[in-house]
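Enquirer: Sharing a structure, written as structure tokens. Questions coming.
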Amino acid sequence: MRILILYGSQTGTAQDVAEQLWRDSKKRNFDGLVMAMDDYQIQQLTEEYLVLFVVATTGDGKEPDNMRNTWKFLLKRNLPVDSLSNLQFACLGLGDSSYAKFNYAAKKLNKRLQQLGAQPIIPLALADDQHDYGSNAVVIPWMTNVWEEVEERLCLNFRNVENLHETFFFKWHCCRLDHTAILDEDNYHLLWPHRQTPTHSFKLINNVRTTDPSHFQDVRFIQFEVPESATWLPGDIIEIHPHNSKKQIDEFFALVQEHELDFDSNTLVRMSSNHQGMILPKCYSKPLNVRQMATYIWDLSAKPRRRFFELLALNCEDNMEKEKLLEFTTSDGLEEVLNYINRPRRTVLEVLQDFRHATSKLTLEIFIEMFSFIQTRSFSIASCVESKTLDLLVAVVEYRTKMSSPRLGLCSNWLKCLKIGDNILGCLKRGTMQLPKELSTPLIMIGPGTGIAPFRSIIQKLTINQNDLNSHKSLMWIFFGCRNRSKDFHFQNDLELWHKQNHIKLVVAFSRDQDHKIYVQHLIEENSQELKKLIKECNAYVYVAGSSTNMPKAVKEAFINVLDKDEAYVEKMFKINRYQEETWS
């Protein structure tokens, strides 16, 4: 019996869930494939009988990059309404409810498949990263429901499938090579192991802390030279692939040495796929050694996922450790995962150190299967291409939990440690912001904290192109917010100069410089008369950028108040892209 499992994944989580479904299907003797949607010939969907979809949502309700071509095809108006009438499907969405368009991609796909005649075997399920148990609170029971429904519909018997040995279901075959084999000096496939192209090489020319030393957070102004081939528009982003730190890499190989495992940093391997239709990742396209994997490929900072625990338990001979690891993979173990992994933010390396008996039985083949890949991180570009530099404003992630060492964000700390003259690869992409075609359209921009970055690129471009600037006639409002004027007023000199030159109207909220806290939403309401006129009479566009936690909702409520409680008008602005949000968690 054939089953097809398709995913749309931006950070690897949806892919991980889809591959777990694929392994479960193999246990049940299904013959099928798992792949990104855009790797599948979507025209053949009419010939499928049973398909499982796992779909993440990225950005402002957007579908992931590796399903966008598929989605464009499914939206074609000339597709017959019964074209998928033979298809039965189930759809799982992975999202974050701190975003307004929660699980939007999965909702759209589920609706469109039914419009084309496909029949859902169970209702759409929407996993939420904000849940205490994470997405697994929905994912694990949804998987159980899927297989129960498939068993009933197809009159199959899936008893005892959980007792099957996992070895056969490894994705990759690892062939060890002689140490004397010569490595290919071209390591582009490791420095950029992703499909997104084209990439450009950027040379670092500035990397300084912009916040006062007494401020709780290190925010970096990072500046790169721009190669002639690179171009972007205001509001665009750059994707960056970070590397693990030397400390993490050393800790990993210390574990390998302590447990006397059967490989070292110089062990050289050639990778191939164990299954027909399973596409070999770009990073495994050439022979590589374990140090390269531990540096460029494996995410040693990641929280362990379900598959990690399964594989760590695979060869474990200690009954207590094995039992606990397998408990972590079940619905009954979600509370344990919350307390052991999610709340303290334990990393995969720390789990390996805790489960010493299990770690001592690991092989290189298991490590290759168990580690998730480092994913790209996206940053709003804070400069325009005419400035001849690519500028970033990066908040360095470092915080404490009950763990003895602080939790460190992989990419922000990697960027922090870059030296002048270092080169990195980056992929330039369109951001979610769409500027109005008419230059005379007023812009109201709200960017507290590092959310100011994309707006600096917009204003900078207009100041460089004087003709464009004259068209605006100071109809650009900037609402910026931070804690203290003297400690974290990002781009203070630029913003105050542009305000003095009457290029922008700058309004700043310093939340801790007085007894009562003041935020950007308060200042929006204080300027309600002027803002209402710009919105209602001049068709102003509103842009919001920054943290997705409380700020976007508070700002939206402020604009509703500005418009005399006319919530319907604000919702209409969202629909026609006159009100846009670019937020992150």
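Using the three backbone atoms N, Cα and C, a Cβ is placed for every residue, glycine included.
All TrEMBL annotations are machine predictions without curation.
I grabbed these lines from TrEMBL:
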{"type": "BINDING", "residues": "9-14, 56-59, 94-103, ASP129", "note": "FMN binding site"}
{"type": "BINDING", "residues": "ARG345, ARG377, SER378, PHE379, SER380, GLY409, LEU410, CYS411, SER412, TRP584", "note": "FAD binding site"}
{"type": "BINDING", "residues": "THR450, SER511, ARG512, LYS517, ILE518, TYR519, VAL520, GLN521", "note": "NADP(+) binding site"}
{"type": "DOMAIN", "residues": "3-147", "note": "domain 'Flavodoxin-like'"}
{"type": "DOMAIN", "residues": "197-436", "note": "domain 'FAD-binding FR-type'"}
Enquirer: Please compare the binding-site residues SER9, SER380, THR450, SER511 by how many other CB atoms fall within 10 Å of each one's CB, and tell me which has the fewest.
Expert: SER511
Enquirer: Grab the pLDDT values for the domain 'Flavodoxin-like' (3-147) and give me their mean, rounded.
Expert: 94
Enquirer: Please list residues from the chain of VAL520 (NADP(+) binding site) whose Cβ is under 8 angstroms from its Cβ, counting only those at least six apart in sequence.
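Expert: For VAL520 (NADP(+) binding site), the qualifying residues are ILE446, PRO448, PHE479, PHE480, GLY481, VAL507, ALA509, MET551, VAL555.
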Enquirer: State the Cα to Cα distance, in Å, between PHE102 (FMN binding site) and ARG345 (FAD binding site), rounded to an integer.
Expert: 24
Enquirer: Drop a 10 Å sphere on every Cβ of the binding-site residues SER378, SER412 and tell me which sphere holds the fewest other Cβ atoms.
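Expert: Ranked by other Cβ atoms within 10 Å, the binding-site residues SER378, SER412 bottom out at SER378.
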Enquirer: What is the maximum Cα to Cα distance, in Å and rounded to a whole number, among the residues ARG345, ARG377, SER378, PHE379, SER380, GLY409, LEU410, CYS411, SER412, TRP584 annotated as binding FAD?
Expert: 26
Enquirer: I'd like to know which of the binding-site residues ALA56, TYR99, SER378, SER380 sit within 10 A of THR450 (NADP(+) binding site) at the Cα level.
Expert: SER380
Enquirer: Tell me the Cα distance separating SER412 (FAD binding site) from GLY59 (FMN binding site), rounded to the nearest angstrom.
Expert: 19
